[in-house]
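Down below is the structure, laid out as structure tokens.
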Amino acid sequence: MAVAARSVLAAGRAGCGRRCRGLPAAAAGPYCTVAPQRERRQPPADMRSYLWSRYKEAKRVTKELVPSIMSNMLNPDAIFSNNEMSLSDIEIYGFDYDYTLVFYSKHLHTLIFNAARDLLINEHRYPAEIRKYDYDPNFAIRGLHYDVHRALLMKIDAFHYIQLGTVYRGLSVVPDEEVIAMYDGSHVPLEQMSDFYGKSSQGNTMKQFMDIFSLPEMTLLSCVNEYFLKNNIDYEPVHLYKDVKDSIRDVHIKGIMYRAIEADIEKYICYAEQTRAVLAKLADHGKKMFLITNSPSSFVDKGMRFIVGKDWRDLFDVVIVQADKPNFFNDKRRPFRKVNERGVLLWDKIHKLQKGQIYKQGNLYEFLKLTGWRGSKVLYFGDHIYSDLADLTLKHGWRTGAIIPELRSEIKIMNTEKYIQTMTWMQTLTGLLEHMQVHRDPDSQMILEEWKKERKEMREMNRNFFNAQFGSLFRTDENPTYFLRRLSRFADIYMASLSCLLNYEPDYTFYPRRTPLQHELPGWSDQLCTGTFRIPFLQETVQVK
């Protein structure tokens, strides 16, 4: 039961799909997906006592489940698989740089926020009073959508539905009724969603923030919106979005961020991710390695010297900087240029990508021609699901690995007793509501409304476990987030950091857990529904779905 019980937190609603043996529909386990039917027998005379007795019994059984679930904790350092993949088939490993090979301290986002805020004031003539806003690392999460025309930041699920209670105008939540009125419900049509790379373009009104670097951008947008709203200043949301986007971009392209990190590398770069150990392990097993990053040469060199050592280039067969991903994967026109030791661009034609050299720009098609590294023998790691991974898996057949730093902290939260108690009871109460809704008398309906209120309160509590405003990166109340949908499509495997690779042998095969489709479970799990409020689960150890 310990392993099975874990799936109440992972697999979501899965049921046996038929009447459990010897049990009426209203008494069956909450995840038996038999269509509710009115009981043929005479309903109890005292419905209040009947329903509350079922409630107490469900709570008792749920409480007994918690210790067994606690004995089967998720591993924060595990690698999770969306697609079966054997490392024995991988001959070449590729890496992004930022938030893949190197991780940054909390000070970096504060630096980006402050620098972009000052650019808004000094170059875009925004009010100097916005300097009173400081960066709040606990405000936003990655994967949120921003309605450019309405200046609203929100969380959207895999089916394009807005999670009510997570829509923010400035720093204040927008009431559900107002959201429903604005969007004529809570669904965002496909033509309004962000484009393939998460951008707001060609009529798309939504921008999706997928980059870890976008956290200060979302916070700055919200702070400036808040200032305008609080001071009753009329403004154009589209202009604000563009100005903030340009300011954040300038922090990078004008070298503000790069110079600050290089000047105080120990403050901004975290050394603890064991990058050198991962690279050395792969090299010892004869794997070829390459680096493709959008960052500049001197910046990458200083960072890699700090975390790997001055001989870091000896570990890589090819190093490409300022690649301009995702254009690197699609634009066939830009040739490679060699960068010499002084950072000067050379003009000679590139006929071969040599080990120990650094190259700038280029394109993937030329890269494939010069290296011959094609197809599923290549595994590329990056933190940006769109810019790093999407084109590689869809167009070129490379295997892909997503680095999701937030995964480690979320799993640690999921392993806490408080979270397990809350989620287990919420799932059980949901099943109780599903099967007791057949009772339509006034007393029963009053009790069901109480249960719905309790369930709503637990949903809010669950959100607060992760982020008070937006909750988990991976789930809305019930559904996967839009972020997780894209992660599942574009990443064969995902993990919190590259150091997770140290836990696996170089010939290890990753097998995705077979999670049940809603219609699938009846054929082979009837034995799991054998008693009142027994919850049918699938055996899952570390898969987060």
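Heads up, the Cβ atoms here are built off N, Cα and C, so glycines get one too.
Feature list (source: TrEMBL):
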ACT_SITE  Asp96  active site, nucleophile
BINDING   Asp96, Asp383  Mg(2+) binding site
ACT_SITE  Asp98  active site, proton donor
BINDING   Asp98  GMP binding site
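Counting every protein chain shown, the Cβ of Asp96 (active site, nucleophile) has 24 other Cβ atoms within 10 Å. Residue environment of Asp98 (active site, proton donor) contains 21 other Cβ atoms, counted within 10 Å of its Cβ in all protein chains. Separating the Cα atoms of the residue listed as 'active site, nucleophile' and Asp383 (Mg(2+) binding site) is a whole-number distance of 8 Å.
The two recorded residues, Asp383 (Mg(2+) binding site) and the residue listed as 'active site, proton donor', have Cα atoms 8 Å apart.
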